[in-house]
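Visitor: The structure's right below; bear with me while I get my questions together.
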Amino acid sequence: MSQENKLRVSRPFGMRDKLGYLIGNIGNDLTFFLASNYFMVFYTNVMGVSPAMVGTLFGVARLVDAFTDVGMGVIADNAVTTRVGKFKPWLRRMAFPVGIASALMYNSFIIDWTPTAKVIYMFVTYLLWGSIFYTSINIPYGSLASVVSGKSEDRANLSTFRSMGSTLIQFSLGFVVPLIAYSADGKVLADNFMWLGVALGLAAALCYLACYGMVEERVELPQGEKFSVGQMLSDLGELIKDRGFLGLMFSTMFMLAGLISLGQLLQYMYLDYFQNTRILTIATAGMTLSALLIAPFVSSITKKFGKKEAGSFALIGAGLIYVIAFVLRIQNPLVFAILVIVAGMVMGYYTMAMYSYVTDVIDDFYIKRGTRKDGTIYSVYSFTRKVGQAIAGLLAGTLLTQIGYVSGAEQQTAEVANSIYSLGTILPGGLLLAAGLILLFMYPLNKQKVNENTRIIESETK
């Protein structure tokens with residue numbers, strides 16, 4: 001292998017790094033959670049935009065992301081390594097632009113604009129947030145995991161703490177946001193959405209700055225080379241041929257599509273099928289909190305079974321639960337909320353360990369190819385996650401329109417409400433099952449292979 005992983009002389013890796021990384025992901029999810037779960041509701045129920053048009057936006061955004069995500073990964077890989085590192089400076093540069101762009105997406109002042117003007121505003125603000133500013137901070141943040149420490153167990157700890165950050169903020173927002181966004185009788189409150197956007201955008205910026213101050217880069221990567229389109233295309237060509245990366249990419253795509261479609265459709269299920277948005281709080285908050293209960297056992301589960309093995313079981317198990325719910329056609333909103341919580345617990349291992357899969361792929365690629373491409377690999381992984389989000393939005397938006405959902409209506413028909421329940425169970429269930437099967441049969445980095453790669457990497461950093 002042609003490159004060396006030099007360790008910086010610095011304070012030892014410890015709790016400060018883990019907490020800082022956790023806080024950084026809280027910053028990510030403060031804006032991502034709102035966009036994933038409430039953006040469509042805001043524009044369909046408040047602004048009167050059709051679900052199909054919102055789904056089209058998600059598709060267009062992912063086309064843009066194909067360029068901005070990969071471009072940002074290449075920029076990060078080729079950036080000059082400063083005294084604080086290669087990836088950290090981006091956290092400070094882009095913290096407030098991300099927060100401001102997120103807040104602009106939920107502007108209730110446009111409610112009286114023409115339909116065309118609303119759609120244009122929706123496209124511009126969403127692309128500004130997701131395809132430009134969120135990309136420019138999320139990819140360097142994700143790439144940090146491979147340079148904070150050269151030890152596999154430290155990286156696994158970072159993944160667990162990152163997932164804990166996601167779970168904590170999703171639990172908190174899943175509990176609080178429905179109480180603020182909806183009235184007691186289930187109506188969407190437009191002005192409250194706007195102030196939620198402002199508050200969460202500001203909080204996200206502060207979290208990024210805290211992460212910048214608490215996390216330290218220790219693995220010194222080679223100085224960036226001059227950008228070359230030919231080299232970028234060559235790197236992408238090598239990635240496309242890598243089975244480990246392809247397995248991770250497709251399983252992640254289907255997993256995110258399943259989880260995001262569930263998060264989106266739960267809103268409509270509790271608004272129109274169960275007609276009880278208060279129980280929605282229990283379902284969304286409980287689903288994320290249940291995964292947190294698995295966090296203390298992630299390390300021992302990984303050591304005993306391996307990430308591939310345990311993760312595929314978790315995804316398949318959660319998918320089967322939603323398929324069973326589709327067959328049972330549950331009428332009680334609380335019973336369904338309990339089922340969602342159980343599914344969240346079953347999937348808990350994967351939820352906590354998901355980010356460590358990409359560092360395994362980065363190490364495996366380095367061992368096989370002899371070159372470090374941390375930022376590029378993470379950027380394509382990040383793009384894959386956005387594709388999963390787009391698939392969810394396209395499917396949810398298009399299928400809601402197909403079943404006859406009427407944007408802005410006081411109440412949907414019984415037929416539409418029943419169809420919403422069907423969508424909200426079989427769609428995420430099928431997607432999660434597909435993700436688990438891909439991880440099981442396509443992804444090659446089993447327990448034995450990961451342990452072998454870890455020994456090679458650790459021998460080089462001693």
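Every residue number used here counts from 1 along the chain in the order it is shown.
Each Cβ is built from the backbone N, Cα and C atoms, and glycine gets one as well.
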Visitor: I'm validating the feature mapping. Which of 21-40, 41-60 is tagged transmembrane segment in TrEMBL?
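Guide: Among 21-40, 41-60, the range TrEMBL annotates as transmembrane segment is 21-40.
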Visitor: If you count Cβ pairs under 8 Å, which stretch among 21-40, 161-181, 245-266, 310-328, 334-358 touches the transmembrane segment (278-298) the most?
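Guide: Maximum Cβ contact count belongs to 334-358.
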Visitor: Quick one: do the transmembrane segment (119-141) and the transmembrane segment (161-181) reach 3+ CB pairs under 8 Å, ignoring pairs fewer than 6 apart in sequence?
Guide: no
Visitor: Among 94-113, 245-266, 310-328, 334-358, point out the range having the most Cβ pairs under 8 angstroms from the transmembrane segment (161-181).
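Guide: Ranked by Cβ pairs under 8 Å, first place goes to 334-358.
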Visitor: Give me the stretch from 94-113, 245-266, 390-408 with the greatest number of Cβ pairs under 8 Å to the transmembrane segment (334-358).
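Guide: So the stretch in question is 245-266.
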Visitor: Taking contact to mean three or more C-beta pairs under 8 angstroms, with sequence separation of 6 or more, is the transmembrane segment (390-408) in contact with the transmembrane segment (94-113)?
Guide: no
Visitor: Report, as numbers and ranges, every residue of the chain located at least six residues beyond the transmembrane segment (420-445) whose Cβ falls under 8 Å of a Cβ in that stretch; write 'none' if there are none.
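Guide: Residues packing against the transmembrane segment (420-445) from afar: 243-244, 246-248, 250-255, 257-259, 261-262, 265-266, 268-269, 272-273, 307-308, 311-323, 325-326, 329, 347, 357, 360-361, 364, 392, 395-396, 399-400, 403, 405, 412, 453.
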